[in-house]
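Features as listed in Swiss-Prot:
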| type | residues | note |
| --- | --- | --- |
| BINDING | 40-46, 68-70, Arg331, 357-359, 440-442 | GTP binding site |
| ACT_SITE | Asp41 | active site, proton acceptor |
| BINDING | Asp41, Glu42, Gly43, Lys44, Asn66, Ala67, Gly68, His69, Thr158, Arg172, Asn250, Thr265, Arg329 | IMP binding site |
| BINDING | Asp41, Gly68 | Mg(2+) binding site |
| ACT_SITE | His69 | active site, proton donor |
| BINDING | Val325, Thr326, Thr327, Lys328, Arg329, Lys330, Arg331 | substrate binding site |
Amino acid sequence: MSTTTIASNAVNGNHYEQLHQGRTKMYKSKVDVVLGAQWGDEGKGKVVDMLASEVDIVCRCQGGNNAGHTVVANGTEFDFHLLPSGVVNEKCISVIGNGVVIHLPSLFDEVLKNEAKGLIHLENRLIISDRAHLVFDFHQHVDGMQEAEKGGKSLGTTKKGIGPAYSSKATRNGIRVGELLGEFNLFSEKFKSIVNTHLRLFPSIKVDIDAELVRYKDYAEKIRPYVKDTICFLHTALRNGKTILVEGANAAMLDIDFGTYPYVTSSNCSIGGVLTGLGLPPQTIGEVIGVVKAYTTRVGDGPFPTEQLNEIGDLLQTRGFEVGVTTKRKRRCGWLDIPLLQYTSLVNGYTCICITKLDILDTLAEIKVGVSYRRSNGDKLDHFPGTISELGGIEVEYAILPGWQTSTEHVRNFKELPENAQSYVRFLESHLSVPVRWVGVGKGRESIINVH
């Protein structure tokens, strides 16, 4: 290699480095992300509510009204399915991103119900992406039919039309919010086309096209004030130093790629879904907060290695009030699963952890934690199984930790927790090699203990 070439490469290297640094400096702030580390229902909404008091913008990036988050603010319990949990903070803007699929009747119903509980001025602080896809009633009918056809092998879908809507998106015949707000005759033609496609595939569903078009013409005007290009909005916010928090819906083990497929949802509930669901580049991501329930729960069917079909499972279900916000189904309950958490941490790159519902374990004399998986032949697994048949055939090895058998409900300082409760937290921390920053011991935001 000549001296000239070496010099040229050095100059180019400096040039590209300068360009990279310049691009990085475009953004004066970062995007922090809250993700569910198990199968959902970890308490992400409460964590978002706590953090939302310190940020300018809170975003939803994927999923639809199949998600359910409960937030207790000033003694009032709010249930959210499409709205970001941070919407209870009147000082921040809430964003529904392009990766979300929206059933407009459910969205407006959710707004009305929560306004009746005291949610105010939403019209000034909710922004909806013009690129978000719409969920129609026929998507929900199809969802129910497809689930019924599976018989004993059902996936436990919420029947909210989420999967069929994402299918329409993937096959490029879905309809986006922006199209509803454009020329209505173009929307009408596209709506008729997608309905007719579904009628050919599912002849038994009934759709009154004319009545639906009348309804959606009304919806168009109702939603119009909320809609804008959220991608430009978020990038402008970052360049201006605005703080942004993203609330992941569902959870890592329900991710379409990384979860226990096919017992998953139809979107990416991991860190990748944040980027594609909001139009953000990787360098904008700051903290990635994994929310971990102190035990494990799951709604619906699918493998669950540490599930306890006994009095322990019943106790966790009863003490934890484990009933789905969206489905109202009882959640299956079991011990904490370290291999599962190590896997979701690997995928998501958690920078810190929030443990929730530690107080539910208060009455137990001893607590088990799943620490490794073995095949039926005794071989230890060094990875999380990629198929449900492999996962269904594993045996869990448990560590047994002493309980604390005293109430933690009113503790507000980590050092005031019982010693065994502190040890339980440190046990998880050491096995994940990720710091635990918060511990939850109750429902409200005031019950979250800052560990450090």
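Every residue, even glycine, has its Cβ placed from backbone N, Cα and C.
Quantities reported herein were computed from a predicted structural model and do not represent experimental measurements.
Among the binding-site residues listed here, namely Gly40, Gly43, Thr70, Val441, Gly40 has its C-alpha nearest to that of Lys330 (substrate binding site).
Counting other C-beta atoms within 10 Å of each candidate's C-beta, the binding-site residues Asn66, Asn250 are led by Asn250.
Note on proximity: among Asp41, Asn250, Arg329, Arg331, the recorded positions of the record, the Cα nearest Leu358 (GTP binding site) is that of Asp41. Of the candidate binding-site residues, Gly43, Arg331, Val441, the one lying closest to Asn250 (IMP binding site) when CA atoms are compared is Gly43.
In this structure the C-alpha atoms belonging to Val441 (GTP binding site) and Arg331 (substrate binding site) are separated by 19 Å. Proximity note: of the listed recorded positions (Asp41, Thr158, Arg329), Asp41 have a CA within 10 Å of the CA of Thr70 (GTP binding site), given in sequence order. Lys46 (GTP binding site) sits 8 Å from His69 (active site, proton donor), taking the CA atoms of both as reference points. Across the fold, the C-alpha of the residue listed as 'active site, proton donor' and the C-alpha of Gly43 (GTP binding site) stand 7 Å from each other. Lys330 (substrate binding site) counts 14 other C-beta atoms within 10 Å of its own C-beta, drawing on all protein chains shown. Secondary structure at Gly43 (GTP binding site), as computed by DSSP, is coil. Neighbour counts of Cβ atoms within 10 Å were compared for the recorded positions Lys46, His69, and the top value is held by Lys46.
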